[in-house]
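What Swiss-Prot lists as Mg(2+) binding site is Asp76, Asp78, Asp80. The feature Zn(2+) binding site is assigned by Swiss-Prot to Cys77, Cys97, Cys104.
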Amino acid sequence: MDWLDDVKWDAQGLVPVIAQEQGTGDVLMLAWMNREALRQTAALGRAVYFSRSRGKLWFKGEDSGHAQTVHEIRLDCDRDVLLLRVTQQGHQPGIACHTGRHSCFFSRLGDGAWQAVDAVLKDPRAIYG
C-alpha cells in the first residue's frame, strides 16, 4: 500500500495543508495538495501545492522567490489535514502571503470588523512586477 493512500482526500482529490514556520511556530498559510503535489513535496523537500484557481501544481515561490523548505510533514488524527513545518525563504522575516506579509492570517476581528494587524513587508508590485 502506498503511503499516499493513508490520506483522506476530498471528493476533488485534494487535502488542506497548513504551513507552519519551523523556527517560530507561526501559521503562515492554508493551501491545498493533490497526490502529485504531496508526492513532489516529500521528494523535493520544498512545498508544492495544487492551485484550485489555476487547476495545476504550484511550486511555492516559483514567481515570488518565496519558496518554503519543508522540514516535516504531519498528518492529523482524522487523516484529512496536513501540516508542513517549513522555513520560509526569500526575505527576512519570510513572506508567505501574496500580499507581501509574513502570514496570510493578518486580519483580526475586533469590534465587529476585520482589521489588518500585520505590516506589509514588501510591496506585492515589487514581488510580482
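A Cβ is built for glycine as well, from the same backbone N, Cα and C atoms used for every other residue.
The Mg(2+) site, placed at the center of the C-beta atoms of Asp76, Asp78, Asp80, has further neighbours from the same chain whose C-beta lies within 8 angstroms: Lys8, Leu75, Cys77, Arg79, Val81. With respect to their backbone Cα atoms, Cys97 (Zn(2+) binding site) and Asp80 (Mg(2+) binding site) stand 23 Å from each other. Between the CA atoms of Asp78 (Mg(2+) binding site) and Cys104 (Zn(2+) binding site) there is a gap of 25 Å, rounded to the nearest whole number. When the binding-site residues Cys77, Cys97, Cys104 are compared by the number of other CB atoms within 10 angstroms of each CB, Cys77 has the fewest.
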